Amino acid sequence: MDYFNYREQRLFAEDVAVEDIITEYGSPCYIYSKATLERHWHAFDSAFGKQAHLICYAVKANSNIAILNTLALLGSGFDIVSLGELERVLAAQSDPKKVVFSGVGKREDEIRAALKVGIRCFNIEVQGELDRINQIAGELGVIAPVSFRVNPDVDAKTHPYISTGLKENKFGIDIEGALDEYRRAAAMPHIEIVGIDCHIGSQLIETRPFLDALERVLKIVNALKAEGIVLHHLDLGGGLGICYNDETPPEPAEYVAALLKGLGDNNLEILLEPGRAISGNAGILVTKVEYLKPTEYKNFAIVDAAMNDLVRPSLYGSWQAIIPVQLGSKEPENEWDVVGPVCETGDFLGKDRRLALSQGDLLAIRSSGAYGFTMSSNYNSRPRIAEIMVDGDRMHLIRERESVAQLWAGEHLL
Ligand SMILES: Cc1ncc(COP(=O)(O)O)c(C=O)c1O
Ligand SMILES: N[C@@H](CCCC[NH3+])C(=O)O
């Protein structure tokens, strides 16, 4: 999505110089590439060949409506986890019949809204959710399509905060209890069983854990078949990792080929819920150096973006590449901690980065298209920043920078 144009000595996003985007819309901002998003989605979709499948992009990774609309126009489905995400996919003109609803804490109003628009299915994660869905479907006079998200107790070998398929994690129905839940569902009047689901974690860089999970899930599929409960689809969740630094995750084609091999001759439609692998490397966060603060112990480059704009480094200690937007600095290279203005010692975007910096320079934090803007906050009363989509040589403002007035709209004095 981004590359250096060495003749111009500047970073480009597709055919537009990043500097020009900042001149137009100001710093900091998120910049996304439409072509990269589309290419990543197609990489998953085309890997399936003739096998029946649906790519349900995980909205939580990047829920900008223009991004959802770009994917909806390709025919994408969506994995949502809240009413807010449902509203977004509908606003993006996607087909509700391609929406799967995951999440451990679905409220009554969320279930009602999803039933009214006719989503593809609920991924049930708690016993009580089945009863709640059955009851609400009965009240509405509809049949609710459901799938159970089982927890296969597989180690995803990723950061503990984003590992979701272990027994100690809150997600999914314990795999041992799954058969009983399916039997219970089969006896309910307002429920139609359509599938099975699992999602074992995020930023996985090996195929093995996915295959282990698939094997365990297939055992349930076969046990159900023996009881006459025939499933239509198997949803293997998202989780395929991307390269932030030197990771070498499998390409979507390789990953899908391994899954199809593991699936054998099962006649199931396959659903996937990739988020990061589609939008992560389709976005950068651009920020300006406000001040340079060399000290006896550390050199700090204080930039105008902060942990409220991109929390991954502070929250997980994750590493994302930080590169200059203009090449050819006359300054010597030095080691810098790239930090924001927020009043937290944990407010950093990168540590010990070798960069040649001057005040006013622009920096790009790469791989920021997933879990960047969507995890941003207003901490320190900082307005959320703008999002720009580049399409070839055109730039589009797809979300305006929040104003300070918008920040406290809705608050009242006593
Ligand atoms: C249920 C579910 N599906 C899909 C995803 C998307 O994961 P990723 O962005 O790693 O592909 C997540 C997040 O981990 C999730 O919780
Ligand atoms: N927010 C995490 C991923 C969590 C995925 C959601 N289940 C990250 O930035 O890596």
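A Cβ is built for glycine as well, from the same backbone N, Cα and C atoms used for every other residue.
Remember, TrEMBL labels are computer predictions, not curated facts.
Among the candidates Gly239, Gly317, Gly410, the one that TrEMBL lists alongside Glu273, Pro274, Gly275, Arg276, Tyr371 as binding pyridoxal 5'-phosphate is Gly239. When the recorded positions Gly239, Cys343, Tyr371 are checked against ligand 1, Gly239 have a Cβ within less than 6 Å of one of its atoms. Between the CA atoms of Glu273 (pyridoxal 5'-phosphate binding site) and Lys60 (N6-(pyridoxal phosphate)lysine) there is a gap of 11 Å, rounded to the nearest whole number.
Separating the Cα atoms of Glu344 (substrate binding site) and Arg276 (pyridoxal 5'-phosphate binding site) is a whole-number distance of 27 Å. The pyridoxal 5'-phosphate-binding residues named in the record, Gly239, Glu273, Pro274, Gly275, Arg276, Tyr371, extend over a maximum Cα to Cα distance of 15 Å. Close to ligand 2, meaning a Cβ under 6 Å from one of its atoms, are these of the binding-site residues Gly275, Arg312, Tyr371: Arg312, Tyr371.
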